[in-house]
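Engineer: First, the structure itself, so that you have it in front of you.
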Amino acid sequence: MSDVTHANGAVANEADDALVIGDHSFSSRILVGTSRYPNPQVMLDALEATGTELVTVAIRRVNIENPAPESHLDLLRRGGYEVLPNTAGCYTAREAVLTARLAREALGTDLLKLEVIGDDETLMPDVEQLLDAAKTLVDDGFTVLAYANDDPITCRKLADLGCAAVMPLGSPIGSGMGIVNPYNLRIIREMIEDTPLIVDAGIGTASDAVTAMELGYDGILVNTAIAQAQHPVDMGRAMRKAVEAGRSAHRAGRIPRRLYAEASSSMEGRIGT
């Protein structure tokens, strides 16, 4: 990739623009879910198209202790992907902590995507249980990536607890509604400067990914938008390009919005003057 030169002379080297989460570093800023694909081969092809290095797996849906040949985990490992176990399906802090510890023991990773859901219809986080689980798991040495509401106060509390990344939702899980509250996401970004922020849930197409990155977010997590697309591999490729474009645009610095027009050409030298 090329360097980006800012107006003040600063140069942003895109090749060195790694996503750092705790002690882990990734060149790709896309995290991808591994469910709902038409078949395993489509999943693998789509993952490759995104350029992702970190893929998330729901622990309750896989046999982590005795993964059979050609199992979900086996395919991902042989593909060279780092697995990010998640606690999807947990409704209490106790369930999430137990699931996380089982995953660490079986998979040998400190990485964890923490989800503590409040109900089956909205799949929104239960904030009280989420904060309780986050504190316990951070104290227990996990590198916690916490799925959260798009609430600035909750997100700040998660960052203050020591979560390695905070993942506010763009809209409800699987809805494809995109970024429905960019104002809250912008406030969260301004309030939390030193902790990676990743938009998780609701992304429906590539333009949503661009929006997330232009808001200054460090990455996105996407699953349904790719897995359920008419052509998952093409959508995976589109997401990769969208994240790169949005990241570059954010780093380049957009022009301020103006209420009135401003001519781009000088008015000097007009004919008849």
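Numbering starts at 1 and runs along the chain as it is shown here.
Yeah, the Cβs are placed from backbone N, Cα and C, and that goes for glycine too.
Features from Swiss-Prot:
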type	residues	note
ACT_SITE	K113	active site, schiff-base intermediate with DXP
BINDING	G174, A201, G202, N223, T224	1-deoxy-D-xylulose 5-phosphate binding site
Engineer: Need the DSSP three-state call for T224 (1-deoxy-D-xylulose 5-phosphate binding site) to compare against my parser.
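Structural biologist: DSSP assigns T224 (1-deoxy-D-xylulose 5-phosphate binding site) to helix.
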Engineer: Can you tell me the three-state DSSP label for A201 (1-deoxy-D-xylulose 5-phosphate binding site)?
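Structural biologist: Reduced to three states, the DSSP call for A201 (1-deoxy-D-xylulose 5-phosphate binding site) is coil.
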Engineer: Identify, in sequence order, the residues in the chain of N223 (1-deoxy-D-xylulose 5-phosphate binding site) that are 6 or more apart from it along the sequence and have a CB within less than 8 Å of its CB; answer 'none' if there are none.
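Structural biologist: Long-range Cβ contacts: V32, G33, T34, S35, R36, T56, G174.
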Engineer: Write down the Cα-Cα distance for K113 (active site, schiff-base intermediate with DXP) and T224 (1-deoxy-D-xylulose 5-phosphate binding site), rounded and given in Å.
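Structural biologist: Cα-Cα, rounded: 17 Å.
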Engineer: Listed 1-deoxy-D-xylulose 5-phosphate-binding residues G174, A201, G202, N223, T224 - what's their greatest C-alpha to C-alpha distance in Å?
Structural biologist: 9
Engineer: For the binding-site residues listed here (G174, G202), tell me which residue's CB has the most neighbouring CB atoms inside 10 Å.
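Structural biologist: Of the binding-site residues G174, G202, the highest Cβ count within 10 Å belongs to G202.
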Engineer: Would you mind ranking the recorded positions K113, A201, T224 by how many other Cβ atoms sit within 10 Å of each Cβ and giving me the lowest?
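Structural biologist: If we count Cβ atoms within 10 Å for the recorded positions K113, A201, T224, the smallest count is at T224.
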Engineer: Could you state the whole-number distance in Å separating the C-alpha atoms of A201 (1-deoxy-D-xylulose 5-phosphate binding site) and the residue listed as 'active site, schiff-base intermediate with DXP'?
Structural biologist: 13
Engineer: For the recorded 1-deoxy-D-xylulose 5-phosphate site, whose residues are G174, A201, G202, N223, T224, find every other residue on that chain with a C-beta no more than 8 angstroms from the centre of their C-beta atoms, and list them by sequence position.
Structural biologist: G33, P172, I173, S175, G176, I203, V222, A225
Engineer: For G202 (1-deoxy-D-xylulose 5-phosphate binding site) and the residue listed as 'active site, schiff-base intermediate with DXP', determine the Cα separation and express it in whole Å.
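Structural biologist: Each residue's Cα considered, G202 (1-deoxy-D-xylulose 5-phosphate binding site) and the residue listed as 'active site, schiff-base intermediate with DXP' end up 16 Å apart.
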